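Trainee: Handing you this structure, nothing more for now.
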Amino acid sequence: MEVASGGAPGPRRNSIAFWLLGLCNNFAYVVMLSAAKDILEKDAKHIEKPCRPEVTTRECHILSTGSVLLADIIPALIIKMSAPMFIHRVPFGIRHTTVVLLQAASFLIVGISDSTGLALFGVILASFGSGLGEISYLALSSNYPSSVVAAWSSGTGGAGLIGASVYALLTDSKLLAVSPKHTMLIMLTLPVLFSFAYWSILQIPRSIHRAKLFQPSTWIIDGGRTTMSSEAGRISGEEGETLLRHTDSAEGELMLRGEEVSGNSNSMSRIQKALPLLRFMIPLISVYLAEYYINQGLLELMEFDCSHGFSMSSESQYRWFQVTYQLGVFVSRSSSNYLTIPTKHLTTLAILQTFNAVFFTFTAIYSIFPHIFLAFLVIFFEGLLGGASYVNTFRAVHREIPVESREFSMGVVSISDTIGIVFAGFLAMPVHNKICSLPLRYNVI
């Protein structure tokens, strides 16, 4: 096992690294959702139309953007559900390289594709990459103070804001007017930054297994017994505690002062460890179910005419809805160091987001908003709730779960948002089709 030179990881440098890892890992996922309407229109060789002076009918696609959501999330769920069975055998360096290659391939395929089917395949690759990345980097964070969890969460929020904003700015016909195809090819710069963040900025603890390029025997971690370096030192952080651990096992196997613990654990033990995590998982699942049902099932049905929509086309309105949502997510994910929500109030966030989902359903049917600006405000609030739920859930896990189970717990809880999003995708499509079959009604506030 090759170890890093030097002492304990530097808090500021590692926080920067985890911020960038969060940014880059979620960037492709966000861009694919922002490009959802463009992806669905590849077969039609769609040319963006200007805003409509008066909106009297609904313009609906046969496939809702919920289909892009499912392509962008189901592969991630498959990875997160299956990874605990084998991922502890794969070194973090190899995982990271795989994530970067999948992301680059996704941008390239979506960019060069001329059909919706091929573009959706590119979206699937992006999903596999982001899913593998999330479960890997959250597990890796268990080797650092909980401040890196806040940095990761802020980075993922930044991915949403920056990714959605960059796509909207580049493709907006009134701004840079770059084609969606060339915009995707421009995104190929992101995998370079992704690699730099892990290999050049992040200081990896001595206990992390290192794979060597020309030594294939180091590419797989021994699944039997593992030994933690006795030189592992104090990791400075807000808890100010000595964390002596290794991360070769997704179960967070721990050895203190030279005592070895077997890495074998039966499925019953895994279930027993996972059941107490439901108090974190159920609220997070509910929040993501509600918000992605809104984003990928209802927002595309909201269209404002030229005088009430800042003269934006329906495609531009959808993109800027996504930007506004991501702005709310970024603000709340970045504020957890200043405002922490107690674990007992995580359920409140889920209830509020469910109310939002009901409200937006009525909005899509009855066109309640008199102006797009009001829609932006409510969408921003939706993003605040989603971001707050995410970051406070993982900080609660990091704070309340014992160190020997923390890595396993972070990986399990990371499945929650994905499960919620999958449910949202399946719910969004029939609701979208049902609303599309209804006449357009106005019941302005």
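Yeah, the Cβs are placed from backbone N, Cα and C, and that goes for glycine too.
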Trainee: Examine the ranges 285-305, 411-431 and name the one recorded by TrEMBL as transmembrane segment.
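Mentor: TrEMBL lists transmembrane segment for residues 411-431.
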Trainee: Quick one: which of 71-91, 92-112 does TrEMBL have down as transmembrane segment?
Mentor: 92-112
Trainee: Among 92-112, 118-140, 147-170, 182-202, 346-365, which stretch has the highest count of C-beta pairs below 8 Å with the transmembrane segment (16-36)?
Mentor: 147-170
Trainee: For the transmembrane segment (411-431), what are the same-chain contacts with Cβ under 8 Å, counting residues 6+ beyond its ends?
Mentor: 63-67, 69-70, 73-74, 76-77, 80-81, 83-84, 87, 131, 134-135, 138-139, 250, 273-274, 277, 280-282, 284-293, 296-298, 361, 390, 393-394, 397
Trainee: Using a Cβ cut-off under 8 Å, which residues of the same chain at least 6 positions beyond either end of the transmembrane segment (372-391) come close to it?
Mentor: 149-150, 153-154, 156-157, 160, 283-284, 287-288, 291, 294, 299, 302, 304, 308-310, 312, 317, 320-321, 324-333, 336, 341, 346, 349-350, 352-353, 356, 359-360, 363, 417, 445
Trainee: Under an 8 Å Cβ to Cβ limit, what residues of the same chain, 6 or more beyond the ends of the transmembrane segment (118-140), are close to it?
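Mentor: Those are 18, 21-22, 25-26, 28-29, 32, 39, 42, 67-68, 71-80, 83, 87, 92, 95-96, 98-103, 105-111, 149, 152, 208, 247, 250, 394, 407, 410-411, 414-415, 418, in sequence order.
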